[in-house]
Amino acid sequence: MRIEAIPEKLIVAFVVVLISYLQLTTNFYVLGPAFGGWTTMFAQKLLAPMNILLISLYVNYYLACITEPGSTPEGWEPPYSIMNPDESVPIRVGILGPRFCKKCDSYKPPRSHHCRHCGKCVLRMDHHCPWLGNCIGFGNYSYFIRFVFSVMGCCSYGAYLLLWRLQRILDMRKSPWYMHQVSTTELVVIGFNLCLIAIVLLLVGVLAVYHSYCLLKGQTTIEGWERTKTKRLVNRRKIDPVEFPFDIGFYHNICSVLGRNPLLWWFPKSSPGDGLKYDVKPDTDPLVPYSWPPRDPKDLGPSIIERIEQEQHWEGKKLVRRDSEGYLVKEITMEDRIRMLNAESIETEHNFVLDESEWVDEE
């Protein structure tokens, strides 16, 4: 059975039960009594790091689940300069006009994508997460990041304490002075909890490593795939060279998600900004953030040239027009047409398809 077939509320309930089980049994049944009582100062001191991370885990998970990721405001349009570009600006192959969502019948802000689960365009969409029952986007990505790292820290420290307790039990059993019999139930709980924690660390660890990379590179999961495709198109000389515009350096990339004050990066707060505009690299073409990712010219096909010729025949030469998908694009010159039609033939590329269970982007 695929996870998409399970109601998201049940998945979220399972996550909450799992966290609660590990917290209660580890804190109160195993470690508390082992440290002389859960309320003793010694126990509180040793368990404090784990419990602080548990609070962070609960708070950020809750906020990631209930916070709206953000959607396109009604009537939003790109700036006038983008909608009406200067005719003297050279045309770059692959860089078209502002993106338009046919499902929402509206323009797409930079970095937004349409999610079929949510039925709307999500601002700075990363992915749709069934484990949170929510889309991960501009509004809640910072909570998601803090949740992931809280899980890693809490489970790692909890596993260390459980292994310490298990080692103590084994050492006591080897001692000739060992008198107290440790219950079989405690040993079973320790072993079972360690297995669960190992599974969680393995699964969430993959997320932590990948999203650490995304955070440093200033990209989302979707944009990571888009950058790979764009690099392939540039290497094959199918489009003009273009850089990912939103990577503004490691430190500033982190600040764009977690806030500008490093002392508050662990404090649960949303990302700065409105989700409609983002800082870009210096000297970036203003059109690139609104048209990213570049499109493969072969996806346009000869039909686009035929439509241009028809429009020119009936309506005269046009500097700007809108294609069938709502994109505003400049007229293609004869040089551009010859370049597109004479592009070298290559084997059919694997379609750039993201997991439809998580997102669908109609571009």
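Glycine is treated like the rest: Cβ placed from N, Cα and C.
Model, not experiment: these values are computed from the prediction.
Marked as transmembrane segment by TrEMBL: 12-34, 46-64, 143-166, 187-210. Residues or ranges marked as domain 'Palmitoyltransferase DHHC' by TrEMBL: 98-226.
Long-range contacts of the transmembrane segment (46-64) within its own chain (CB-CB distance under 8 A, at least 6 residues past either end) are made by residues 15, 19, 23, 26-27, 31-32, 35, 38, 132, 134, 136, 140, 143-144, 146-147, 150-151, 153-154, 157-158, 161, 266, 268. As a summary of secondary structure, the domain 'Palmitoyltransferase DHHC' (98-226) carries 74 helix, 16 strand, 39 coil according to DSSP.
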